[in-house]
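As recorded in TrEMBL, the features of this protein are as follows:
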type     : residues  : note
TRANSMEM : A:6-27    : transmembrane segment
TRANSMEM : A:34-51   : transmembrane segment
TRANSMEM : A:57-75   : transmembrane segment
TRANSMEM : A:87-108  : transmembrane segment
TRANSMEM : A:142-161 : transmembrane segment
TRANSMEM : A:173-196 : transmembrane segment
TRANSMEM : A:202-222 : transmembrane segment
TRANSMEM : A:229-248 : transmembrane segment
TRANSMEM : A:254-273 : transmembrane segment
């Protein structure tokens, strides 16, 4: 397969897994949590590096998951101590990120790990580090990792589909039905962290946030059905990867930045044109119908 | 270490981060009561494309013009967030997350283009992302101090109006205060603070300078006036102390040390704060428990006598 195909494939995998996870992020009203976790994952990666002295896939994943769960736990703790939820997120993620940056600049100081690379991502170099997989041949390491993560994400969504649905839409009902809501909260945060870490190395933190939130938000304006929203969101993720790559080659600029822009464009078009919740349909809809819908 | 402290450049930078901390602490209280803590995070990310576009137009690094560019793009971001939340069923945190990531992505795109242009690579534009207060030159410091002083002035001169605006908007409207005007002023002051802070502490950590001091101050007082004062003091101390720590070693970043200083102050406030601190609450709980036990004993005692 050609060089650019690998890049598009890798980014599409990011778009798919982030799109699926993002649907639940939005429905659970925790979009900013994605922003927080995508930053604290840096601390996890640095710690994993300090322990193992190498930048390897499994160690990074474990470090990132640890950091993600730590973030979720600290935010939950501060909230239970009556600090406002958004304030606790702001305090926790900036502090953990600050610790990560200081560790990088002091003890680690290593070429493999610099903040800039981590935040902007270098998807351009993905096809150069490959590994051999029997039956398929050599594929880039990051792509293989993302494929694995996508399978894990799909497995958990399908296996607990009903539980996700109920805990996301009506946590009180879920609790009364005996579904362990807290357990599902942490399981979900673990999935967010896994997706973030795996995508992190490939595309950088900012594109992860864009891919997690924006396609799902666009899908949210198209449909009221969860299953449709999942498919749409994943599809939008893949579409933005392709459009973004095209923009990047056209303007000769950052690939992840362009993909983030593409997610934004898709959302904006949706925002204007969506048949049910779009701006234009709101304007042209007859007044009595509008009242009826809003009532 | 002392000689380091006396170094003239360090003093300059410390003074500027201190004033920045004071301004951010004050405006952070307004954001706290408007329940827009994470708005600062979204707006600081949204400022990036403006910085780069301003640089591409003027082709040199003039802090004032870059700040204006940053402010315009952050205001555009604020407008989008407002628009998405009011015109569709998108919630505010989703709108913030989208705006910050897409604007930032555009900023990174433009930065790649700017770095290709002659002299773009040496312009220190990257400092806007991660923040490097030590890299500021004297004219930058002056620009920053003047703008921060204006922000501080606006917060304190219109103190009564802010209070009405935040806590009793209906009454404020009744006495002829324009809520819309106050909202615009609030957004402008917030954006100004964010964009002047970006160069010192970076896009990501700017949010911490606005959020942490105000939340910490909340643990010590119930009065809005004291909260603003205290929050400004905490911000100022964190700014100065963090800069000093980062100046003691070579290559230490400024922003993270400022953030960790204020995080430490927050931790102290969380435990020992006069109002609702963990220790105080525990003591109150124990006292309550004891007094109710005493009551119980008295009651059962009485009950015994009557029989």
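Don't overthink the numbers, they just go from 1 along the chain as shown.
Each Cβ is built from the backbone N, Cα and C atoms, and glycine gets one as well.
At the 8 Å Cβ threshold, with sequence separation of at least 6, the transmembrane segment (A:229-248) comes into contact with the transmembrane segment (A:6-27) through 3 or more pairs.
The list of residues near the transmembrane segment (A:173-196) in space but at least 6 beyond its ends in sequence, with Cβ under 8 angstroms from a Cβ of it, reads 17-18, 21, 24-25, 28, 33-34, 37-38, 41, 61, 64-65, 67-69, 71-73, 76, 149, 152-153, 156, 160, 163-164, 166-167, 205, 208, 212.
Cβ atoms under 8 Å from those of the transmembrane segment (A:57-75) belong to residues 33, 36-37, 40-49, 51, 85, 88-89, 92-93, 96, 141, 145, 185-186, 189-190, 192-194, 196-198, 200-201 of the same chain, restricted to positions at least 6 beyond its ends. Using a Cβ-Cβ cut-off under 8 Å and counting only residues 6 or more beyond its ends in the same chain, the transmembrane segment (A:202-222) has close neighbours at 10-11, 14-15, 18-19, 21-23, 25-27, 31, 34-35, 38-39, 41-42, 117-123, 126, 142, 146, 192, 195-196, 228-230, 232-234, 236-237, 240, 255-257, 259-260, 263-264, 266-267, 270-271, 274-278. Listed as Cβ neighbours of the transmembrane segment (A:87-108) (distance under 8 Å, sequence separation of 6 or more from its ends, same chain) are residues 32-33, 35-37, 39-40, 42-43, 45-47, 49-50, 67, 70-71, 74-75, 78-79, 114-115.
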